[in-house]
Amino acid sequence: MKNSTYRQIVVGGLSLILAYLFFQSRGLWDPMHAWNRAFADVSLLFLSVILLLGSLSKVFKSVRKWLVWRRELGIWTGVTAIVHVLIILDGWVQWELFQFFFVFSPIAGEWVLHPGFALGNLLGIVALVYVLILMLTSNTRSKKILGFKSWKYVQQTVHVLYHLVILHTAYFIFIHNPDAPNWLQVPFIMTITLVWLSSLIGFWFTVKEAKKSKGI
């Protein structure tokens, strides 16, 4: 229990520090957008680390000792994602949810459906549902209630969550407003490439170990 509390404090503190640094890196942005993006960046970073730890632990035994941190990282992935959404709800759309799908057209003089914008936000909403489920089940009590197999199945949907987050993020940093300066573009590509490659390597090592255990 003490170790878990310690890890929560460490990851929570790191979340705030990283969010502040990400915010400062966007000094030219409107503060509301800079803060919402900062917490989203932390959430994506933690989610990527969770997947990297899982893949690399299959390759390097020394990484396995860090797997215990995935629970706290998962919880704070959810917390920072929620903060990201709350900042948008309160500071941007002002709790008018239709603005996640419609934009005001000065030419038409009315709100019109923006297909790409709507899809990008819909992916984000579905991802939020996933992250809430994962966050709420990241505890021993949920494991006992659901049973190990069901609990493990739920936790393994983190890969689905990751792909939803990647698509949501990619839309907003590459498509929605391509002329807006955003230093995240290159690190974003590098991160998803690293996660993808580590996943392939981890899979290869898993297959190799399985064959070895069967004497193939």
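Note: Cβ is positioned from N, Cα and C throughout, glycine not excepted.
The domain 'Ferric oxidoreductase' annotation in TrEMBL covers 42-165.
Among the features that TrEMBL reports, transmembrane segment is placed at 5-23 (among others).
Feature annotation from TrEMBL assigns transmembrane segment to 43-61 (among others). Counting same-chain residues at least six beyond the ends of the transmembrane segment (43-61), those with a Cβ under 8 angstroms from any Cβ of the stretch are 11, 15, 18, 67, 69-70, 73-74, 76-78, 80-81, 84, 131, 158-159, 161-162, 165, 169, 191-192, 194-195, 198-199, 201-203, 205-206, 209.
The transmembrane segment annotation in TrEMBL covers 73-93 (among others).
If you look up TrEMBL, you'll see 113-136 (among others) marked as transmembrane segment.
The transmembrane segment annotation in TrEMBL covers 157-176 (among others).
The transmembrane segment annotation in TrEMBL covers 188-207 (among others).
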Query - Secondary structure composition of the domain 'Ferric oxidoreductase' (42-165) [DSSP: H/G/I, E/B, coil] - result: 95 helix, 8 strand, 21 coil
